[in-house]
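A.B. asks: To start, I am sharing the structure in question, which I have written as structure tokens.
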Amino acid sequence: MEPPRGPPANGAEPSRAVGTVKVYLPNKQRTVVTVRDGMSVYDSLDKALKVRGLNQDCCVVYRLIKGRKTVTAWDTAIAPLDGEELIVEVLEDVPLTMHNFVRKTFFSLAFCDFCLKFLFHGFRCQTCGYKFHQHCSSKVPTVCVDMSTNRRQFYHSVQDLSGGSRQHETPSNRPLNEPLTPQGPSSCTQHRDPEHFPFPAPANAPLQRIRSTSTPNVHMVSTTAPMDSGLVQLTAQSFNTDAAGNRGGGDGAPRGSPSPASVSSGRKSPHSKSPSEQRERKSLADDKKKVKNLGYRDSGYYWEVPPSEVQLLKRIGTGSFGTVFRGRWHGDVAVKVLKVAQPTAEQAQAFKNEMQVLRKTRHVNILLFMGFMTRPGFAIITQWCEGSSLYHHLHVADTRFDMVQLIDVARQTAQGMDYLHAKNIIHRDLKSNNIFLHEGLTVKIGDFGLATVKTRWSGAQPLEQPSGSVLWMAAEVIRMQDPNPYSFQSDVYAYGVVLYELMTGSLPYSHIGSRDQIIFMVGRGYLSPDLSKISSNCPKAMRRLLSDCLKFQREERPLFPQILATIELLQRSLPKIERSASEPSLHRTQADELPACLLSAARLVP
């Protein structure tokens, strides 16, 4: 019979204290409990565990007898253990540990992990790395969570589902864009019925990995997506409004007015002008109009390159959005001929408006935009990158990078994406294929923007379909429930998958061979990259940043300013071996230190 675990009933005499027991608790803590008659080990240690955020279900208790640990049941009476020592340890399969908070002043740029606001004075856990304000302390979990251990059990259940789901019917009668809610692993294992969890039938061919050094083919065919180009259109409209004002002359004539002279002739001037003065004013107005029109053409017209000036040399690769060629135009360039067959007037105007935004991008981690072509089809000219893509280095050439180099690649990628987002440019197709290592380890991000090309059009209206590669797609992009699912957070999710490639050296979901199954499970929240495969020497802060970037809810993902600040702080904290300033060369011989005159004199001595 289980002993009582609550206080004594009314009228009962309180248990009498007969001694003490010394208890060693997790995280190098210890306490002394009083031994009372009629109480068990469970009751005696209940308060000591609760104040430390633990409970008996996640712990095991040992008796320390002659230096050896012996497992003891929780319902053992405490009275016979008077004067002995007990040891309480957390179960190995329960990834829980206590926080180790310290007060900290963040002199470098840092953000609170809960309110995501700027953090200067606050607290930090030395174990899991949580940073927070004092008023955000109520949101901190009571225990530290090791995400790599916590997800391991979940992935075993997912693999069981993926292995045993081939006999289920395909969800052809169940559209993917119905309301989706993420389910926990328990719900996945309980509902094996096809009506509750219908898996798509796996394809015969596994996922293909395109091994091209340039922009290769993506994993979805004919799945270009709409893009809300509101930001681009607002910029273009304001630009066109200013240009229209310039073409109207300096007197503020409307766009539809025939000429500045006709407007000026309609005004009543207080002084009559002679015909010669009127002709002089008209000629001055015409000269101003010509100068301003030429200025407008300089800002946008000369970015369009005539096709006769560009020479295509070699085909590099083909993707879902176009074909990349190596070409010559005042030097080596990369020319991407876009797949837009018979563009409409709306598409042509939207493409030119977007080029007006892309031409203003200048950053060390962004491929330099050099121009565009509209005849005979849409094409973009960028700088030529001699290096290979990050995909080629990691998955084809198997290039070995040390952890410092991997973190630096992650920092440069975050720096380039932070610049694009500051320009209100959403990448929409960020992946390791579009990240190039130029002249060593300098990161160059390419194939950004291009909302006009990455949208399927039906006449003048865009179609709502996802674009990009399956492995790098966020759940909200796969579901396409929102009118515009692409956001800064969807780029953050794709960046999280790139981090996963850097820290594991492999692609996610390599154990699943069906693309449709990946789309279905990721869109519903049943599947995410397995963090237990991360390298053991990966810093704890990088592991936690990777987990945050891959959150199912996009509101919970950090933005690139916070990501960049976290990686820069991590880089500064890494140990470095620096050369001594007083000894520039460690391999200098003793003879090198002697003056030349002494050496010549030594040779003359017989």
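Each residue's number is its place along the chain shown, starting with 1.
Using the three backbone atoms N, Cα and C, a Cβ is placed for every residue, glycine included.
According to Swiss-Prot, the protein carries these features:
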type     : residues                       : note
ACT_SITE : Asp429                         : active site, proton acceptor
BINDING  : His99, Cys125, Cys128, Cys144  : Zn(2+) 1 binding site
BINDING  : Cys112, Cys115, His133, Cys136 : Zn(2+) 2 binding site
DOMAIN   : 19-91                          : domain 'RBD'
DOMAIN   : 310-570                        : domain 'Protein kinase'
MOD_RES  : Ser157                         : phosphoserine
MOD_RES  : Ser162                         : phosphoserine
MOD_RES  : Ser186                         : phosphoserine
MOD_RES  : Ser257                         : phosphoserine
MOD_RES  : Ser269                         : phosphoserine
A.B. asks: Restricting to the recorded positions Cys112, Cys115, Cys136, Asp429, which ones have a CA within 10 Å of the CA of Cys128 (Zn(2+) 1 binding site)?
C.D. replies: none
A.B. asks: Pop the Cα-Cα gap between Cys144 (Zn(2+) 1 binding site) and His133 (Zn(2+) 2 binding site) into the table, whole Å please.
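C.D. replies: About 17 Å separates the two Cα atoms.
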A.B. asks: For Cys115 (Zn(2+) 2 binding site) and Cys125 (Zn(2+) 1 binding site), determine the Cα separation and express it in whole Å.
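C.D. replies: Checking the Cα atoms of Cys115 (Zn(2+) 2 binding site) and Cys125 (Zn(2+) 1 binding site) gives a distance of 16 Å.
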A.B. asks: Helix, strand, coil residue numbers for the domain 'RBD' (19-91) per DSSP?
C.D. replies: 16 helix, 35 strand, 22 coil
A.B. asks: Spatially, and counting Cα to Cα, which of the recorded positions is closest to Cys112 (Zn(2+) 2 binding site)? Options: His99, Cys125, Cys144, Asp429.
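C.D. replies: Nearest candidate: Cys125.
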A.B. asks: Could you tell me the C-alpha distance between Cys136 (Zn(2+) 2 binding site) and Asp429 (active site, proton acceptor) in angstrom, no decimals?
C.D. replies: 35
A.B. asks: Looking only at C-alpha atoms, tell me how far Asp429 (active site, proton acceptor) is from Cys144 (Zn(2+) 1 binding site), rounded to the nearest Å.
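C.D. replies: So the Cα of Cys144 (Zn(2+) 1 binding site) lies 34 Å away from that of Asp429 (active site, proton acceptor).
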A.B. asks: Give the residue from the binding-site residues Cys115, Cys128, Cys136 that has the most other Cβ atoms within 10 Å of its Cβ, counting over every protein chain displayed.
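C.D. replies: Of the binding-site residues Cys115, Cys128, Cys136, the highest Cβ count within 10 Å belongs to Cys128.
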A.B. asks: Quick check: with Cys112, Cys115, His133, Cys136 left out, which same-chain residues have Cβ atoms within 8 Å of the centroid of the Zn(2+) 2 site Cβ atoms?
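C.D. replies: Apart from the listed residues, the neighbours are Asp113, Phe114, Leu116, Lys117, Leu119, Gly122, Phe132, His135, Lys139.
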A.B. asks: Take the Cβ of the residue listed as 'active site, proton acceptor' and count every other Cβ within 10 Å, whichever protein chain it belongs to.
C.D. replies: 27
